[in-house]
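Data block below; observations after.
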Amino acid sequence: MTHDKHPPAAIEQANILSYITFNWIQPMLLHGRKHTLVADDLQRLSENDKIQRISDLMLREWTHEVEAKKQANMSHNKRMKRPNLYKVLWRCFGLYACVPFVSGLMECACKIGEAVLLGHVIRFFDKPDMAVAEGMGYAMALFLVTLFRGTVHHHNFFHVLRIGTWTRQSLIALMYRKCLTLSTSSSISTGTVVNMISNDLQPFENCAPFGLYAVLGPLEMIAVMYFLWKEIGVACFSGLLALSLLMPIQVLFSRRFGTIRTKTVQARDDRIRTLSDVFSGIELVKLCAWEVPFQEKVMMLRSIELNYIWKANTMRAINMSIYFFFQPLVALFAFVTYWLQGGTLAPDKVFVSLTLFNILRQTMTSFFPKALESMAEVRVSAKRITDFLMLPELRTIGDELEDANMDLDSDSDPNPDAVNTKGGDPILDALIEMRDASFSWAIVSEEKNEILEPSAKEKKQKEDQNKEKAHHDIHKDNDVVALDSLKKPILSHITMSLHRDELLAIVGPVGCGKSSF
């Protein structure tokens, strides 16, 4: 299957009307209605959705952020601050995120407009003297606002889900590139990296549809309270008071979600790390019959992880129950207060107020809590991903040469009589210098010719033997006496030097000492 077999991306060829109404996807839907869709029927990715563009953009902005932090800390002589992953994501996708934010504001205005127009339509039926044209105008306006709201709603979710997909894909590509350059000094395991990619990136995608409601929610609540004031007066504040009782609960839930998320990922990392160690040393586990202890250890870690997951799901269930419980409670507080003030509960006021309270319920008890919950999980994941991206990397040859040239420039002496380290003395330029060197392996036993590590008692006995031999042969060199048990040198009379930008190759027949060198 080649790239040319796929039809071009229809979203790039769509006109404004087709883009607004999502008509550009209609040909594929019609084709799928008559035929079974196969891989060749899928359209090509648009240029904005290609992973090459997204990953390069993320890598460029992340590198810029790291370099900016380094330069800022070097200029202020302070400890290096951590790069901000949120700033990187904003520079990558922040401008595009303004589109769903504007469409979200328009959707909020349409929802409030529907409630207001609904009140005018109900008043038209209660007032026979109202002109028919006026009533038809309100009805037509209600229809158009509802239609426009549906269109804006789908565009809002289309763009935010697209941003969530971009964020996930770009971070996966950035972490994969980091894995290719990780230094061996980093102790992170493969299972931990896989866990981060499969679990820690999901909150970013989950936060995309609801994250904007952390800002849109309070703005919508202010607008709704204004129109409620016009409908039922001071009684709207009693409903707001009942709704305000929900805010401390949501803040508490948000903090608890963040804490549980942190403990959950820690427990998951411990379990995956233990499983990786068991699988890597499974031969030793089977040899020593450690299956049952390790099984109990893994099950214990899994039970701890499931305990945190159960707590998180319980809090989500409570949050969902609050969503269905608070709407009638808020309406009860508001209408009872309005009735006690002597007001008449007319149909237009009841239906308009219920619609407005329902808007508050959907936003402030569903979308807004989900926004806080997902943002708390994103905060934990962002910290873990930043820690991973800041792990030490392997230094390339270009980096080594650049540092070497900087060292030579800094160490150069302006005195013309001094030795020029850039090429004057080859000894100073050499990385490794040997002259008539000889090498041998460790001390060996005379009987079995095996490499041994002498104990303290053996060392003392050897020293006593050497002293006795020294009395019998006083002309024998002391160094030879001390090394009489050393194996014959494997490498002798080695003279060589290794400079920068040089490649050293060791060649020779089998058994000549290549590995020893």
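Just so it is clear, glycine is given a Cβ too, placed from its N, Cα and C backbone atoms.
What TrEMBL says about a protein is an automatic prediction, not a curated fact.
Note that the structure is predicted; figures quoted are calculated from it, not measured.
Annotation comment: TrEMBL describes 101-376 as domain 'ABC transmembrane type-1'.
What TrEMBL lists as region 'Disordered' is 452-473.
Within the chain, the transmembrane segment (88-106) has long-range Cβ neighbours (under 8 A, six or more residues past its boundaries) at 54, 57-58, 61-62, 65, 148, 152, 155-157, 159-160, 163, 166-167, 170, 212-213, 215-216, 219. The transmembrane segment feature in TrEMBL is assigned to 88-106 (among others).
As annotated by TrEMBL, transmembrane segment applies to 135-152 (among others). Outside the transmembrane segment (135-152) by six or more residues, the chain places 20-21, 103, 106-107, 110-111, 113-114, 117-118, 120-121, 124-125 with a CB less than 8 A from a CB of the stretch.
Residues annotated as transmembrane segment in TrEMBL: 210-229 (among others).
What TrEMBL records for 235-253 (among others) is transmembrane segment.
Cβ atoms under 8 Å from those of the transmembrane segment (320-340) belong to residues 228, 232-236, 238-239, 241-243, 246, 249, 349-350, 353-354, 357-358, 360-361, 365-366, 369 of the same chain, restricted to positions at least 6 beyond its ends. As annotated by TrEMBL, transmembrane segment applies to 320-340 (among others).
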